[in-house]
Each structure stands twice: as structure tokens, then as C-alpha cells.
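Here the structure is laid out as C-alpha cells; the discussion comes afterwards.
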Amino acid sequence: MIDAFNALRYPRSTLVPIVFWVLTMISLPILGWILGEGYLLRGMSFGVLMQASAVIIILYSAWGWPRALKTVLIVAVFTYLAELLGSKTGFPFGKYHYTDLLQPQLAGVPLLIPLAWLMMLPPAWAIAAIILGKDLRHEGTRTKTFLSALKFSLLSALALTAWDLFLDPQMVGWGFWVWETPGLYFGIPLSNYFGWILTSFLITLLANPQDLPVGPLSLVYILTWILQTIGQGIFWSQPGPAAIGFLTCGLFVFLALRCSIAHRN
């Protein structure tokens, strides 16, 4: 976790996409003021592409293309299928549908959505790996037993779902998808978060990520936590989700930092 802040140790190929992604997200509200709200959709979509690209490059730098590509395909394909099932049947997230704003779409699911899962699930893996102390000497994680795999997958799912406490209210507020029956959490039904935990838990079990580059991936998680808090709390007029997301994601950041220090000592 401490290595997340020691950016000079990372290869340039890892740092450059992270820097471009952060600059893209910082520019969103500024360009929105200059170019109008219509720019936000394009800017947000580009930000997702940049963050997903950064995560893919981080995985490639650590693993090489075959293993990185396998992981990317597992996450992208199975999250797409989960979203397709959810939007058609209401399971496991609850009944919702996507609007026409996010394009292109395949069978009613925007192709950008699996990339949104991809851009944050590996960072959540890194946070879980740090908390559980998974072979940090090599910046990795080894799920040697089924029990440890279950613990790692559940903690990863919770770390990812903490981020969705930011995401869903923002995306619904921007009109990207609609819940048929608004729920208790700023219009989001609690079933959505059950669906997030279940989906990310099962995909993590399937992907079984090992030897994770926890430094750069945890940096992505931390930067997302900071950017979402500032963006929603100041620029997008959603102080409630910003505060709750800050606390929930911040809890995982705090636990990871504390465990990282403990493991080093």
C-alpha cells in the first residue's frame, strides 16, 4: 500500500496511462463548463476508456499479454452477461434498464459497462490482497486454498461494491440507466448492492488472480476514491453519495494502509 505512493518506482509504461486518466477526470468539470453538459457524456466515456486502459496496461506489465488478456476477457464477458441477465430479468441487481445515452449497445447493454467493471475490479483485488497480506514481498496474491480464495473474493467484492455507492447515484442522476422501482439509497434499491457483491465475488473466484501488481492497482483505487469524492461532492452536487462513498471506500483504504504498515514491520 505504501508502494502506491512511491510512483517513481513504477515503469513509465505503467505511469503514463494513469497520469492521462487522472488528467482526463480533472478536466471533466472544466470542459463541461466551457463546452456545455453535452460534453460530459463524451468526457465520462473517455475517462472510463482511459482508466480501463491503465488497468489493462498495469496487468500486462506484470503478467504479459496471454495472462492479462485472459483476465480481461473473463471480467468483460462475465460482467456483460451479468448486466444482460440483470437488465432482462431483474436478477441479481433488481429491475432496471439502460437508456439510449450510452452507445454503442449490444442487446440493450452499453459496451462501456463491462469496461467500468474492469477498471475497478482489479484495483479492488489489490486492496483485498494488501488487507489479507497476500505475499506482499512480491506484490502479489496466492489463493492457495479454497477457503483463502473465498475470503479474498468476498473482500474484493466488498471493496468494489463500496465504490458503487459513489457510482450508481451519479449515473442514475445523469440518466444513463433507470430503476423501475427507486430504492432507499438515493433512489438505488439495496438489491443492486447484493448483485454487485455476488457478481464480483463469483468473477473473482473464476479469475483467481495471483501475483497482482498491488502497488499501481491500489494507486488506481486510491485515486478513484479521491476523484469521486471531490467530483460528486463539489462539482456534481451529490454530497450524500460523496460522503458515504468517501467513508466506505476510505475504510478499505485505511485498512489496506494499516495492514501494509503492519506487514512491513
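Cβ atoms here come from the backbone N, Cα and C positions, even for glycine.
TrEMBL entries are annotated by machine, without manual review.
TrEMBL has this to say about the protein:
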type: TRANSMEM; residues: 15-35; note: transmembrane segment
type: TRANSMEM; residues: 41-60; note: transmembrane segment
type: TRANSMEM; residues: 72-91; note: transmembrane segment
type: TRANSMEM; residues: 111-133; note: transmembrane segment
type: TRANSMEM; residues: 145-163; note: transmembrane segment
type: TRANSMEM; residues: 183-207; note: transmembrane segment
type: TRANSMEM; residues: 219-236; note: transmembrane segment
type: TRANSMEM; residues: 242-261; note: transmembrane segment
Query: With pairs closer than 6 in sequence left out, are the transmembrane segment (15-35) and the transmembrane segment (242-261) joined by 3 or more CB pairs under 8 Å?
result: no
Field: Positions on the same chain near the transmembrane segment (145-163), where near means CB under 8 A and six or more residues out
entry: 120-121, 124-125, 127-129, 131-132, 134, 193, 196-202, 204-205, 208, 221, 224-225, 228, 245, 248-249, 251-252
